[in-house]
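Have a look at the structure below before the remarks.
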Amino acid sequence: MKRIKEISVAIQGIATCFHEVAAHTYFGKGIKTVECLSFHALCESLKKEETDFAVMAIENSIAGSILPNYFLLQEYHFSIVGELYVPIHMHLLALPGVELTDLTLIESHPMAIRQCSEFLHSLNNVTIVESEDTALSARHVMELQRKNVAAIANEFAAKKFGLQILKRRIETHKKNFTRFLVLTRKQPVAELGNKASLYFEVSHSIGSLADILTNFKKNQLNLTKIQSIPIIGRPQEYLFHVDVEWRDRSGFEKSIKQVSKHVGNLNVLGEYKKGKIEIN
Ligand SMILES: O=C(O)C(=O)C[C@]1(C(=O)O)C=C[C@@H](O)C=C1
């Protein structure tokens, strides 16, 4: 009997990290996840065909955009084929028996640290250290076996590395979501989506960006995100990354045709189905 090859998905981080949660939420449990310790390594894994897909965090509702990932999207030109919003619950993890007053060092991924800044500012004499990944930080706490060290990570990491949840839900706001993109090597557009991500540059003249946004409005496109990214080597010039949604795809097609005459470097990174934010 012919075996169906299991889908392999590059994630940034090690097992139990939020990227693994995102990959399992999108594809289900029957996939092989490939651990990458940077977003650059994640892109390389997909580019070198070691994996079929990559899941990449792009923004968080507390900490904002992950700007370096916009540069990676420009550099690698993968297709965005999906997106999902994952609820993020951050916990402070330490060895069993440790108390808050024992801590002198807390380690985590920089995005996790930013999501917990209010809590972290309330602590005295604690050094905050950035790491590649929340789950890796939890593993470090287990490996070090020191009472003064803690990690910010999720409940799956706590379970896997035998750590206690010293303080639960330390994110600055309880409605905390990270948006992940699902990437694959360049492929033709499936035209089944209701959302697209694109980027372009406009001339340095009055209203040039406003004209493009007005065109989106005219074609019934809902702008859900706009992010400017510096053009390296051209100070004060920017690329604009935008996400738009539609009810009728013909409006998107029309708009792309029309704006392509007025912008430079227009790239549609992908069309995909809009992800849902499930607030419960
Ligand atoms: O460190 C992890 O667990 C990750 O998957 C990375 C990451 C991120 O890049 O934003 C994913 C989701 C959370 O926002 C915090 C960290």
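From the backbone N, Cα and C atoms, a Cβ is placed for every residue, glycine too.
TrEMBL: automatically predicted annotations, no manual curation.
Copied over from TrEMBL:
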DOMAIN    8-185  domain 'Prephenate dehydratase'
DOMAIN    197-273  domain 'ACT'
SITE      Thr178  site 'Essential for prephenate dehydratase activity'
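The Cβ of Thr178 (site 'Essential for prephenate dehydratase activity') lies under 8 Å from the Cβ of Phe18, Ala22, Ala57, Glu59, Asn60, Ser61, Tyr85, Val86, Ile88, Met111, each of which sits 6+ residues away along the same chain.
Counting residue by residue with DSSP, the domain 'ACT' (197-273) contains 22 helix, 31 strand, 24 coil. The average pLDDT for the domain 'ACT' (197-273) in the predicted structure is 97.
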